[in-house]
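Enquirer: Below is one structure. I have some questions about it.
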Amino acid sequence: MATLSVPAAVPAVAEDCEQLRKAFAGWGTNERLIISILAHRDAAQRRAIRKHYADAYGEELLRSITDEIHGKFERAVIQWTLDPAERDAVLANEEAKKWNPGGRALVEIACARTPAHLFAAKQAYHDRFKRSLEEDVAAHVTGDFRKLLVPLVSAYRYDGPEVNTSLAHSEAKILHAKISEKAYSDDEVVRILTTRSKAQLLATFNSYNDQFSHPITKDLKEDPKDEFLSTLRAIIRCFTCPDRYFEKVIRLALGGVGTDEHTLTRVITTRAEVDLKVIKEAYQKRNSVPLEKAVSKDTTRDYEDMMLALLGAEY
């Protein structure tokens, strides 16, 4: 399901590092060489490159990158080069510190990753920022969003397939009752969404649909401009249909006046090794246009090349 394209014969780590060093040397940076290496190495290979580069040249690879390239291309290369858990720690920190109700990085990290990955991201957060993700979310997020997001990022959900069908049935009733009362931030709503396993939540949402003849997300569209309801829908969609959730995030990032490169970069760099191929299929089905063509239309130069490489386009 990943779009990452790694060559059948990968050069030695030392050779990759030597080529990257050459890309940074001289008067002009060789952006194409940077992309041809880093955009075609998996997480373990990029981790090895970073270590060898630091050992060989006495400088962090990320520092060399930021010294030589800039802007949205720099951000894309840096985000991709980071270890996935470290990348999520950086994204979570950025969103927590510059919190706005429309932010989705925290929801994606908490709900569209495995419990083990979320745990690793929180450990990476400790190591990088010397604080916990939970305390930063609590410090910067307010009101009902804080009530929801602190336990959401604190969770370590069970990741197995077991489901309690009677519990799913009863908790679907609880959710329906609270939503009918417009008690969207009720403790019970928060408890169910932030503690139950993915399998249990899917059973609960299916039971909701069976009992009330429509999906739970339909009842959370009372006010399309209500960002708290939008956040609840995003949480649910990250569990039930992540491919369609991310398709819509990309579609909105590419639509309208100006491209939201931060969002586009976040989705492509975090999903390229996971399920970006399925997201591409969802995009094609929804928009009748290949995602590569849409990205190429709305981006330019080295940033465009980096995004297309991660999408699996021939480079």
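For all residues, glycine too, the Cβ spot is worked out from N, Cα and C.
Values in this document were obtained by computation on a predicted structure and should not be read as measured data.
As annotated by TrEMBL, Ca(2+) 1 binding site applies to F24, G26, G28, E68, G258, T299, E304. Feature annotation from TrEMBL assigns Ca(2+) 3 binding site to D298.
Could you tell me the structural context for the features on the list?
Expert: Its own atom aside, the Cβ of G258 (Ca(2+) 1 binding site) has 9 Cβ atoms within 10 angstroms in the protein chains shown.
D298 (Ca(2+) 3 binding site) is surrounded by 17 other CB atoms, counting those within 10 A of its CB over all protein chains shown.
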Enquirer: Note down the number of other Cβ atoms within 10 Å of the Cβ of G28 (Ca(2+) 1 binding site), including every protein chain shown.
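Expert: Excluding its own Cβ, the number within 10 Å is 8.
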Enquirer: Let me check the 10 A CB neighbour count of E68 (Ca(2+) 1 binding site). How many other CB atoms are there?
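Expert: Result for E68 (Ca(2+) 1 binding site): 18 other Cβ atoms within 10 Å.
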Enquirer: Tell me which residues of the chain lie with their Cβ under 8 angstroms from that of F24 (Ca(2+) 1 binding site), as long as they are six or more apart in sequence?
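Expert: Correct list: S64, I65, D67, E68.
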